[in-house]
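Everything below concerns the one structure shown next.
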């Protein structure tokens, strides 16, 4: 064995000579040897703190991925939760955002937008007041001589009533001939006086348009010579006249417009028109308080004129951006003029909180779905652990709150097996190697239990106990058949089993089978176990203990059940009467394969596949003892024995427990514990502890069940002195 020096020759390949200089068994030598042994452990078992956590995390990830692969409905459920949460959350956020957009648009439409549009409309109306006042004066005194006399006083009064920054000039055109202007035309423009607008090709269409409309019109905008955008208000005047040639003493007649300028029915004639020139720049400048208010409240805007006639083309007056997205539109209409004001928030109508809320909904839904997935995986892990320990029916009963769980079964078939020469083999191995060996072997047996449909009750050290017909009752003969197939497969698997440990050769097992009634139930409240009780259990244990290596001993009751089945699947070889402790002489049989060679070969191949599957390795986590601070994590067995031999002055004890009762004794020379087979599903083991000796135990999960291996010092010889060195004491590995 690779580590046999620790069991047979402590000095072989031991610590350096400097360590051997310390007194044998002293704490200094013990700690030095412990440190030396710890360094010799395989690298995968000497984890640092970070490495250990990383290894655990990797293992958990592997287990989680395995569960998700085997149970895709868990992923589907979490995705369903994610979709439901996302749908509900996104719908709520989008609905709230849509309501906010509608509210914001309504505020812009009927709030600030309506206010600005109304202000612009009122300003335009005020700009037309000058023309209305001058027209009212002409209606009152249409005679040109009277108008000429009072012209200066009339125009001065009118200009004082209007905004001079907007109303730039008043003009009076008699019979469409420019007659008066205030302020007068400046130098270079005097030629405009006496200009007949009906005779000018460029002006005639506008005059005729006003004659047809017979209402105040606003024409433009144009670019005036002064450099600003200007527009003209034109108000045609129709006054009562006795005839078409009547001129009110002005001496002007409309040119070529008899059909439009004279109304013979109502006896009215076109007197002329009153116009004003308006400066539109104050309406569009960025200093205008209306547009400043829009920009100050975070709105982009666009003010433009619709194309309503040849005198009113499309014109873009002012805008803050080239393209407004989904703006609200306000119409500003006065006389023939139609303007539109479009406004939209600079950041858009969508509230700023929508995107973060949508992201929060998605992230929150993802986190909740991951939490649900984690809970489902954790529950599945929990359920798998429970199902590995207890039957499904018993789990349901415990979850329903039932306290005492026990059930009688009329006929079940039980199988017991153990390893031949296990004590000898274990004495040559370290506890870790024992656990590794049992893990590899029992993992194969676990596969066979699933394959043959039998229930594994427990493992006790190297012993395995299985049952058919419990916890779900079935036909007694079929129970016996399944256990028989299980036993044959176990023997076949052990024949092909090759441990991974160096130096460990093939393993042999004994198998015993018996059929009969039992009572099965859950024992204990803490770490409850599903156990079988009754004489059938004891008899099956005797069948195993009196069997031979690599053979299957069957009781007469099981043999009768197997013979009752049609066909000759198995062969029962009579063994005769065998003395059974507590039973007397019983007739037993050896079970053998009776199938044709081809069928046996095919079944053997399937067992070979199970044996050749990789087995999960055993990981040992060594922890420092709290009672001895001088010990380090990972102290090997030899150092522990030496240290405790130094610490104790006498007396020793050992213990083990089976499924039934247990008893322990201690004394100066050693102690003995044994479990009595009192109708339970346990087995007995004997452990001896030498004087001053203590036991070292390695524990692990083997085949889904927790097992432990105990390294015990053997009893000291009768001539050994109490002060003998621990190095003179042989060590023996036993299993509880």
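Every residue number used here counts from 1 along the chain in the order it is shown.
Cβ atoms here come from the backbone N, Cα and C positions, even for glycine.
The compositional bias 'Polar residues' feature in TrEMBL is assigned to 1-11.
The compositional bias 'Gly residues' feature in TrEMBL is assigned to 651-682.
If you average pLDDT over the domain 'Guanylate cyclase' (413-544) in this model, you get 90. Marked as domain 'Guanylate cyclase' by TrEMBL: 413-544.
The region 'Disordered' annotation in TrEMBL covers 1-29 (among others).
Taken from TrEMBL, the feature region 'Disordered' covers 651-695 (among others).
According to TrEMBL, the region 'Disordered' annotation covers 712-736 (among others).
Listed as Cβ neighbours of the transmembrane segment (73-99) (distance under 8 Å, sequence separation of 6 or more from its ends, same chain) are residues 67, 350-351, 354, 357-358, 361-362, 364-366, 368-370, 372-373, 376-377, 380. Per TrEMBL, the feature transmembrane segment maps to 73-99 (among others).
The feature transmembrane segment is assigned by TrEMBL to 357-377 (among others). Counting same-chain residues at least six beyond the ends of the transmembrane segment (357-377), those with a Cβ under 8 angstroms from any Cβ of the stretch are 64, 67-68, 74-75, 77-79, 81-82, 85-86, 89-90, 92-94, 97.
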